[in-house]
């Protein structure tokens, strides 16, 4: 009987990952911890009394202050404008000076942003600090999935690129645990201590810069053939059946099919229009299905339910998400991308619909409140085991070589803009005095989830086990999404070398 599970000795990473490649992926994965730190820090500390008192603008007669809905919305949405600035900045630096240049610069920016946040004495300063850190997260979002996709073998690309989300999620769990430990402290140290943890990763990443090689594909694009071959061999030394000259020749031949750098208009022409749509919709759906509800306002929502400690519920929810992420990471190159979209996104949509239904109950009892919290945790499991990962993998896999950087930047711009809209509007949708929907927002997010499943069934391709050159050939052959799982690319290297692709 066929199964998606494999014994450890037959797992692809045990045969395809070399020590040097594994070290690079580990460094890049650790770098993403800072992204998770940033997300979780503000999700948790904004629920702390000391943070509310320090930066709140609504104060009672006793001088106890709370952060207003407007300030809460600004704190969680305005930084995405800075994130949007980080994307083209990273793309410009990365295409001109290389991936390593982006790596170094973004970590220096992160350290600067954390310094501003840690020393904050006003709401404006803490907002400015988070904006600076979001420039880093924008740069990191452009770089890490793209960098990993360029250097790892096709058989394990999905698994290793999905490690991007694992690193981010581990960061959220670590900070949530720190915030839980400090939440009962008095004074500013309760929120400053979690912020201080953010110094650790970018500082370490700067120290290990010498261990990060330049991308062979970028070097090849700059006609640095000898250095590209050295880096390619260095990353793959010891991998069974690897021939550096042959692989570099295939990469070079495919690159020569795209000798001219594409313009922004080319993203919406010919077969590239289809590739652009496929790259942009997963990031959009990842935000439209409820990510901000679970990850940005999760702790505050749990606090509003009045059940058990909201910090404990946040950690439990994040652990569910980690299980979902690990399931995706270990099985995506076996079960495929379409499998996870059709199954896990459907599960997430159903959980949001149930959450919305529970929100219609007047004066819910403790059991019903706990069920509501469980549905949000179940959504976190399904989201982090599907769309959160696919939104990172897809823009790294589907673009044309000549448009890879532009497509990645546009995909993350869509992700950022959608995140901004969702994060800014959510407090107004949920809170009394405005939309007052409360948990009933689940109906909105659940609807988007189910719509995305229908779209994916007809238009989302299966790319498991394919090299980036095969993916390019498949799109140029205009293979329908539902047939991509069974499509064969016999002799694709020879076809590339002899220019046998035909534009549609």
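Residue 1 is the first one shown; counting continues down the chain.
Any Cβ shown, glycine's included, is placed from N, Cα and C.
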Matching range for TrEMBL feature annotation, transmembrane segment, among 49-71, 72-94: 72-94
Among ranges 279-298, 339-358, whichever one TrEMBL labels transmembrane segment: 339-358
Ranked first among 193-212, 339-358, 370-396, 442-460 for CB pairs under 8 angstroms with the transmembrane segment (131-149): 370-396
Intrachain residues whose Cβ lies under 8 Å of the transmembrane segment (20-45), provided they are six or more past its termini: 51, 75-76, 103, 107, 110, 130, 133-134, 136-137, 140-141, 144, 147-148, 151-152, 160, 163-176, 179-180, 183, 190-191, 194-195, 197-198, 201-202, 204-205, 208, 211-213, 234-237, 239, 295-299, 311, 314, 318
Contact yes or no, the transmembrane segment (408-430) and the transmembrane segment (100-119), 3+ Cβ pairs under 8 Å, gap 6+: no
For the transmembrane segment (193-212): best-contacting stretch of 72-94, 100-119, 161-181, 442-460, by Cβ pairs under 8 Å: 100-119
